[in-house]
Amino acid sequence: MGARASGGPLARAGLLLLLLLLLLLGLLAPGAQGARGRGGAEKNSYRRTVNTFSQSVSSLFGEDNVRAAQKFLARLTERFVLGVDMFVETLWKVWTELLDVLGLDVSNLSQYFSPASVSSSPARALLLVGVVLLAYWFLSLTLGFTFSVLHVVFGRFFWIVRVVLFSMSCVYILHKYEGEPENAVLPLCFVVAVYFMTGPMGFYWRSSPSGPSNPSNPSVEEKLEHLEKQVRLLNIRLNRVLESLDRSKDK
């Protein structure tokens with residue numbers, strides 16, 4: 001409580017940033033709404049709401065300041081989207097290399113998710129389960145490492161980082177799916193789920209060594225080692241099942 005009470009300037013700056021982000025989202029959303037061509041009355045009411053909000057913000061902070069903030073946020077959004085695209089591309093390259101090591105055809109992954117292929121070959125079904133579990137492990141490892149590092153670096157100000165990342169993630173998704181709001185529903189749900197999982201009721205907050213919970217909980221390194229052991233055991237069992245299926249086919 002003392003940290004939040006003493007952070008008056010930070011709170012005001014965060015409120016200003018939140019208002020500017022809302023204004024930016026309000027300016028981006030009408031384009032997506034108009035591109036879908038949903039009813040004139042709905043678009044007009046939405047535009048009136050956005051115009052009212054824009055006028056109130058302009059009268060509060062000044063029109064010149066709002067325009068400068070819009071330009072700054074537009075440039076910041078472009079750089080942020082470019083950086084996230086590069087990060088996602090790097091993760092995809094690492095993921096494809098892992099699949100290549102497992103002997104999977106990365107160029108045609110849809111063949112492993114085909115219902116006909118899965119029903120005709122039980123080995124494909126087991127391989128599909130292994131790929132899903134491996135993807136879950138890879139995603140958990142990436143998110144766990146990222147948020148653990150952020151929690152160690154920022155400490156009790158981690159909640160500010162969560163709010164900023166959540167806002168920028170929403171901006172990124174709306175920017176990528178501009179004109180197709182229906183396709184943005186699933187990524188937004190994923191971002192909201194990650195936001196709540198990393199909150200005070202989340203796994204990483206409760207069990208991290210520097211968190212407010214019991215310090216006797218296992219560290220992140222021990223959890224990663226445990227996950228690696230589970231993946232090794234899963235690969236061994238999967239190989240045994242595939243070998244037994246091959247032997248039964250040979251007989």
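One-based numbering along the chain as shown.
Cβ atoms are placed via backbone N, Cα and C, with glycine included.
Per Swiss-Prot, the feature transmembrane segment maps to 13-33, 125-145, 146-166, 185-205; the stated evidence is sequence analysis. What Swiss-Prot records for 217-247 is coiled coil, and it gives sequence analysis as the kind of evidence. Taken from Swiss-Prot, the feature N6-acetyllysine applies to K229, supported by a large-scale study or a structure entry. Residues or ranges marked as phosphoserine by Swiss-Prot: S248.
Distance between Cα atoms for the residue listed as 'phosphoserine' and K229 (N6-acetyllysine): 29 Å, as a whole number. DSSP assigns K229 (N6-acetyllysine) to a helical segment in the three-state reduction. Of all Cβ atoms in the protein chains displayed, 9 besides its own lie within 10 Å of the Cβ of S248 (phosphoserine). In the three-state DSSP scheme, the residue listed as 'phosphoserine' falls into the helix class. Counting every protein chain shown, 10 other Cβ atoms lie within 10 Å of the Cβ of the residue listed as 'N6-acetyllysine'. Averaged across the coiled coil (217-247), pLDDT in this predicted model comes to 74.
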